[in-house]
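Feature list (source: TrEMBL):
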type	residues	note
BINDING	Gly61, Glu62, Ser63, Gly64, Ala65, Gly66, Lys67, Thr68	ATP binding site
DOMAIN	1-188	domain 'Myosin motor'
Amino acid sequence: SGIVLVAINPYEQLPIYGQDVIYAYSGQNMGDMDPHIFAVAEEAYKQMARDEKNQSIIVSGESGAGKTVSAKYAMRFFATVGGSASETNIEAKVLASSPIMEAIGNAKTTRNDNSSRFGKYIQIGFDKRYHIIGANMRTYLLEKSRVVFQAEDERNYHIFYQLCASSSLPEFKDLGLSKCWHVPVLCW
C-alpha cells in the first residue's frame, strides 16, 4: 500500500474542489502544494503513467467522514486531467448505482443517519493515452449481524424500512409484506 487518504468531513461546503483547483494540482509533485485529495490523485495518476503499473488509493476515515465523496473527487480529477471529463462523465456513471447500494447497505448508527455498512472498491480503467475508459464498483464486508440485531438508537438496513413503507403498493402484493410492522417506518 502506498499513500492513504484520510477523509475528514468539515461539515460545510468548501470551495476547494473546483476545476481551478484540479488544474492547480495537475502536474505538481507530492508535497509541493498543501495536502489535498487532488495531490494524492495526481501522485497515483503520475505513477501509473510513468511506471505503467496499477495504482491504489486507500480512503480511510470515520463514519460520516466523507470517504465516498473523496472517491468522487478523485474520479473527477482523473476524468479532468485524463481529458475524458466531458466525453464520458465517468463520475456520474460510476456512482449512478449509489442510491440503490445505499438502500441495501446503509443503516442508521448512533453517529450517522446514513452510514455505509460495507466497503467499496472502485476500479477505474484507463487506455494507453491515460483516458478513462470504464469503471467497476464492488462492495465487501456487509455487516450481516445488523440484519438480526441493532443496538439502541440504531436501525437495520434502509431497504427493510423502505419495503415496509411500500407494503401497501400493488406491485408488492405478492411479496407477503402486508404484515410488516409499521413502527420502524415511523422512525424514517
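Residue positions begin at 1 at the first shown residue.
Cβ atoms are placed via backbone N, Cα and C, with glycine included.
Across the domain 'Myosin motor' (1-188), the prediction's mean pLDDT works out to 82. Cβ neighbour count within 10 Å across all protein chains ranks Lys67 highest among the binding-site residues Glu62, Ala65, Gly66, Lys67, Thr68.
Compute the center of the Cβ atoms of Gly61, Glu62, Ser63, Gly64, Ala65, Gly66, Lys67, Thr68, which mark the site for ATP; besides them, the chain residues with Cβ within 8 Å of that center are Ala7, Asn9, Asn112. Under 8 Å, Cβ to Cβ, and six or more positions away along its own chain, Gly64 (ATP binding site) finds Asn9, Arg111, Asn112, Ser115. For Gly61 (ATP binding site), the count of additional Cβ atoms within 10 Å of its Cβ stands at 15 [all protein chains shown].
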